[in-house]
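For reference, the structure is listed below as structure tokens.
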Amino acid sequence: MAGNFDSEERSSWYWGRLSRQEAVALLQGQRHGVFLVRDSSTSPGDYVLSVSENSRVSHYIINSSGPRPPVPPSPAQPPPGVSPSRLRIGDQEFDSLPALLEFYKIHYLDTTTLIEPVSRSRQGSGVILRQEEAEYVRALFDFNGNDEEDLPFKKGDILRIRDKPEEQWWNAEDSEGKRGMIPVPYVEKYRPASASVSALIGGNQEGSHPQPLGGPEPGPYAQPSVNTPLPNLQNGPIYARVIQKRVPNAYDKTALALEVGELVKVTKINVSGQWEGECNGKRGHFPFTHVRLLDQQNPDEDFS
């Protein structure tokens, strides 16, 4: 389906200073190809293309080289000796944001093309948990964070969930009041023995009962076993089963295509969530959320 929008009408797709969480709140649940462009909060002068695709919200960094073009652009030409800005996304370069959007009207990003900008009537929406529904999780692994908006934590930390803008990334608060995004597969549900929130955060956690984040919740989530550490590649091969199809960007030759049910040999586990592995004789990187690690003690049980 070809995109149905005017790329020159910047007011329809450019949102300026907008956080990742706010972008997700606007795009979550929208049909594939709905998008917006915002300023990067971690790299001043750059942009981010946020897109609803494959039942999630993806964020693509757009790097700007040279003087950043104003939005909307000024009709004036750049002064002599000053090179116009170039915009880069992946391996592609463009002279302007409209040109970039026109390109992705007919070319896939990951699993979708750009169809239309998100409606501004969606602004301010989101799924925020009420205080009386406060939910807590406990960290299964250390997480150092990869983005300014991430919340670093250590194994065993107790975090309060503030909202769930994405399936695999939730917004949480730690015992010091710091807030940020956390990867869902790195935590487990935590049910406090005491109803006191103040006693829970930073208090004694004995007597609590952890629950895996999978269980009765719908959808194919990639969840590590409770209290089982990430496997050590030095102990031998690690295998995973694909639980979510992935059709990578045709221009990314290092990305690994995945079909549900396929077996992947994991060769490298990166904290960023982009793992590396082999599948059907090909090597490449893939999101850890698309696979489920097999029981390394009894892998043959899952090899069918």
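Here the Cβ of each residue, glycine as well, is placed from N, Cα and C on the backbone.
The compositional bias 'Pro residues' annotation in Swiss-Prot covers 67-82.
Here Swiss-Prot flags 13-118 as domain 'SH2'.
Sequence annotations record features per position, and here Swiss-Prot assigns domain 'SH3 1' to 132-192. With helix defined as DSSP H, G or I and strand as E or B, the domain 'SH3 1' (132-192) counts 5 helix, 29 strand, 27 coil.
Annotation source Swiss-Prot lists N-acetylalanine at Ala2, citing a large-scale study or a structure entry.
The phosphotyrosine annotation in Swiss-Prot covers Tyr108 (among others) and rests on a large-scale study or a structure entry. A C-beta separation below 8 Å, combined with a sequence spacing of at least six in one chain, links Tyr108 (phosphotyrosine) to Val247, Asn249, Ala250.
What Swiss-Prot records for Tyr221 (among others) is phosphotyrosine.
Residues or ranges marked as phosphotyrosine by Swiss-Prot on the basis of a large-scale study or a structure entry: Tyr239 (among others).
Residues annotated as region 'Disordered' in Swiss-Prot: 61-85 (among others).
The region 'Disordered' feature in Swiss-Prot is assigned to 201-229 (among others).
With a cut-off of 8 Å between CB atoms and residues at least 6 apart in sequence, the same chain places Lys265, Val266 near Pro237 (site 'Proline switch'), listed in sequence order. Under the three-state DSSP scheme, Pro237 (site 'Proline switch') falls in the coil class. The site 'Proline switch' feature in Swiss-Prot is assigned to Pro237; the stated evidence is similarity to another entry.
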**Q.** Averaged pLDDT, computed only over the residues in the domain 'SH3 1' (132-192)
**A.** 83
Q | Assigned element (helix, strand, coil) containing Tyr108 (phosphotyrosine), judged by DSSP | A | coil
